[in-house]
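As recorded in TrEMBL, the features of this protein are as follows:
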COMPBIAS  287-297  compositional bias 'Low complexity'
DOMAIN    2-133  domain 'EamA'
DOMAIN    148-279  domain 'EamA'
REGION    284-304  region 'Disordered'
TRANSMEM  32-49  transmembrane segment
TRANSMEM  61-82  transmembrane segment
TRANSMEM  88-108  transmembrane segment
TRANSMEM  120-137  transmembrane segment
TRANSMEM  143-165  transmembrane segment
TRANSMEM  177-201  transmembrane segment
TRANSMEM  207-229  transmembrane segment
TRANSMEM  236-257  transmembrane segment
TRANSMEM  263-282  transmembrane segment
């Protein structure tokens, strides 16, 4: 569970550093997302060094890398589209709140059994806490709200699919390779939408430092940690770790930017924390945990 907790906490710095990069450069949020995936993918790939030479050239590996990148691109593009249509709070509430619900529903259908009472309780507490933490979102007209919620659900579905698809390892494909190349693929897929919006940035020390931090800490390291922990717990437990992102972001905002958190928000943060503690204690005690899944059987090697 350590790696999933680490991923959730590090993701919490992504929103703040991404917003800072946008303020420093005037970039559209979608362009910031593209930079985040591209820089994170480049850093993670460079860190692999000679291990890239052992990259399996099988159809299963190629499918997995493309799926990871495509789902990350869908998640990022849909989320930032939802923010533009509505607000950060509503987009975060619907996106992050829908992920464990979707994962729990798909898992129940796939395994043909209802979620355990502990799982249902954790999801209910987490979603309720997130709603209270986000507060009453300010929205625009009805059309923008409906469109924003639809995009938020698309983002949540994308991340839920990302969690479910990547839970089973592919033979010969390490977590590091999946992280690095998956992020690169996602960033490349975002370029057709991001380039027309403008991606030129001033190469000042402050901008470069912010961009490198965004690509390294809440992206390359965070997604690497998520991949490392994903295959050793239940899908719902992995999805719930994403709830740490808004909780961490709130703590950082209160600590460093002196934002005020009302009584309802404090109760929401406590509920969210309780849900995560109950979930993680269950996984640590192996009550609801699951062993690591076997790798997919390798397909025939793909020749160039």
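Cβ atoms here come from the backbone N, Cα and C positions, even for glycine.
All TrEMBL annotations are machine predictions without curation.
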Criterion met for the transmembrane segment (207-229) and the transmembrane segment (143-165) (at least three Cβ pairs under 8 Å): no
Most Cβ pairs under 8 Å with the transmembrane segment (236-257), selected from 32-49, 120-137, 177-201: 120-137
Intrachain residues whose Cβ lies under 8 Å of the transmembrane segment (88-108), provided they are six or more past its termini: 15, 78-79, 82, 114-115, 119-120, 122-123, 126-127, 130-131, 134-135, 137-139, 145, 148-149, 151-153, 155-157, 159-160, 163-164, 234-236, 238-240, 242-243, 245-246
Interface check, the transmembrane segment (120-137) with the transmembrane segment (32-49), three or more C-beta pairs under 8 A: no
Positions on the same chain near the transmembrane segment (143-165), where near means CB under 8 A and six or more residues out: 64, 67-68, 71-72, 74-76, 78-79, 81-87, 90-91, 93-99, 102-103, 106-107, 230, 235, 238-239, 242
DSSP-derived helix, strand and coil totals, residue by residue, for the domain 'EamA' (148-279): 106 helix, 1 strand, 25 coil
Remote residues contacting the transmembrane segment (32-49) - C-beta distance under 8 A, at least 6 residues beyond either end: 14, 18, 21-22, 72-73, 76-77, 79-80, 176-177, 179-188, 190-191, 193-194, 199, 201, 211-212, 214-216, 219-220, 223-224
